[in-house]
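Q: Below is the structure I would like to discuss, written out as structure tokens.
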Amino acid sequence: MAMDPADRILADPLLLPLSLPAAAKQVLAGVTDYRGRPVTRGTSGGWRSALFVVAVEIAGSFAYFGISANLITYLTGPLGQSNASAAAAVNAWSGTASLMPLLGAFLADAYLGRYRSIILACSLYVLGYGMLTLSSTVPALRPSHLRPSSSQPPQLQLQVAFFYVSLYLIALAQGADKPCGLAFAADQFDANHPVERASRASLFNWWFFCMAIGISVAVSVVGYIQDYVGWGVGFGVPCAIVLGAFTVFLLGTPTYRLYQHNSKPQQQQQDKAKAKAAASSALRRLLPIWATSLAYGVVYAQIMTLFNKQGRTLDRRIGFGANWQLPPAALQTLGPASILLFVPVYDRAIVPALRWATGNPSGLTMLQRVGAGMATSLAAVSVAALVEARRLATAREHGLVDQPGATVPMTWAWLVPQYAMMGVADVLAVVGLQELFYDQMPDGLRSLGLALYLSVMGIGGFISSLLISTIDGITSRGGGDSWFDDNLNRAHLDYFYWLLAGLSALELALYLGFARSYVYNHEHRSFNT
């Protein structure tokens, strides 16, 4: 059956409507534009509107990972912090950024709405990244290369405080942005219209793919600028990107669909009661899955911190006899690159094969997909432990134990497996968690569902920070070498990775027990069906 021309335009993001037949100009019930006026199908929403939102979200990911990927280098360099304190600070900040969406989702669903929340987020992004740029360029605000101590001069304390205020403004912006961006983009498609519903499914399928592109460019290009051009420019580029994306988002304002809830007060009370009961039921079922996913968040936190520090000690030359070195932060592109390669393979080859084998249209159930990702992350951190043990042995063999600044004669390619495996784990576990927490929450609370999924990474970051601080204090007592010693050739990151592998194995066993007894919302399916 031939597709109606209007439907074809709505289904294809490349065919942005200039004029549409009358059938496409149907007034949508309960939907208005930003001025509160009724809107029609052909003149609002669809891929045209969603792409404005996608642009600002890609920019947000670009800026956030452009900073976070190399943040530990800035903390241990210009700010002069130790490896342990810097790793703990990065984990605490990234954990806060992942927990803030819980507050942002509540405010968006109850008061602001998703459109206003994104505007608030963009404003905070520009302010935070702008202040961060000033903290590394204005002499009065730029910290000296000093080790933090109780004898810090007052001005240095003020400089460091200004830097951290900048960082946590960005974390606050993440809270307003992350639970609303994907949900607002999905709002631009009518779930009751078959073609738009298909387009919305396509949006979810490729959202993570687009984010991976932004992350890949950020950690390679911005990381290189920070290491070889300067921190001021390296912080200024993300600021300029989010400012430009904010402008693009505002340009799309006349096309957006905003959903209104205009029921009578009595009906509103009944709706709230039903929503509360539905949310309580969903949360009770999801809580064990959430809790047994936290160890995954702890392993994920190491990508931006300890993996980075490992890479800085290795031979990062590109090509034979080349003098150009790969920036340590650029190694983190290996994860997104594996995502870019694995998503099409998974979608076009693995899913059809699994569909044939299991009879499930998605190949794997959401819970099976998350479990597969957890198993992959367990394998990744085990590989990381083996690689780190090899690095330490190489340093001993070449007499480099007491030369922390020396390059260990071991190529950066040894780190490729752990980064690539974490990328594959993300495609399985992160996308699976995202889909699960969105799908299993009531319609009006799906921003909260996405925030809960993000909180797995946030709590995982805090647990990682606590573990590192505690283990550093215990292992450095009596003048011994800490597992996170500033001289990584005397540290034992391999022991820490094996600890995380043990926690991941325990997590996976508990997860499988809870997942097998989980009953999906609306459908009586099990872990295996």
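Every residue gets a Cβ built from N, Cα and C, even glycine.
From TrEMBL, here are the annotated features:
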TRANSMEM  50-72  transmembrane segment
TRANSMEM  92-111  transmembrane segment
TRANSMEM  118-136  transmembrane segment
TRANSMEM  156-173  transmembrane segment
TRANSMEM  206-225  transmembrane segment
TRANSMEM  231-251  transmembrane segment
TRANSMEM  286-307  transmembrane segment
TRANSMEM  367-387  transmembrane segment
TRANSMEM  450-475  transmembrane segment
TRANSMEM  495-515  transmembrane segment
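Quick one: how deep are these features, and who are their neighbours?
A: Sequence-distant contacts of the transmembrane segment (156-173), counting only residues of its own chain at least 6 positions beyond either end whose CB sits under 8 Å from a CB of the stretch, comprise 64, 67, 79, 93, 96-97, 100, 120-125, 127-129, 131-132, 134-135, 140-144, 146, 148.
A Cβ distance under 8 Å defines the sequence-distant neighbours of the transmembrane segment (450-475), meaning residues of its chain 6+ beyond its ends; these are 84-85, 87-89, 91-102, 104-105, 178-179, 182-183, 286, 290, 293-302, 305, 433-434, 436-438, 441, 481-484, 492, 496, 499.
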Q: So are the transmembrane segment (231-251) and the transmembrane segment (367-387) touching or not, going by 3+ C-beta pairs under 8 A with a sequence gap of 6 or more?
A: no
Q: With an 8 Å cut-off on Cβ pairs and a sequence gap of 6 or more, do the transmembrane segment (206-225) and the transmembrane segment (50-72) reach 3 or more such pairs?
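A: When sequence-distant Cβ pairs are counted, the transmembrane segment (50-72) touches the transmembrane segment (206-225), since at least 3 lie under 8 Å.
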Q: Looking only at the recorded stretches 50-72, 92-111, 286-307, which one has the largest tally of CB-CB distances under 8 Å to the transmembrane segment (367-387)?
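A: Comparing 50-72, 92-111, 286-307: 286-307 has the most Cβ pairs near the transmembrane segment (367-387).
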Q: Taking the transmembrane segment (118-136) as the first stretch and the transmembrane segment (50-72) as the second, find out whether 3 or more Cβ pairs fall under 8 Å, excluding pairs closer than 6 in sequence.
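A: The transmembrane segment (50-72) and the transmembrane segment (118-136): touching, yes.
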Q: Could you pull out which residues elsewhere in the chain have a CB under 8 Å from any CB of the transmembrane segment (495-515), counting only those six or more residues past its ends?
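A: For the transmembrane segment (495-515), the sequence-distant neighbours (Cβ-Cβ under 8 Å, at least 6 residues beyond its ends) are 288-289, 292-296, 298-299, 302, 306, 367-368, 370-371, 374-375, 377-378, 381-382, 384-385, 388, 467-468, 471, 483-484, 527.
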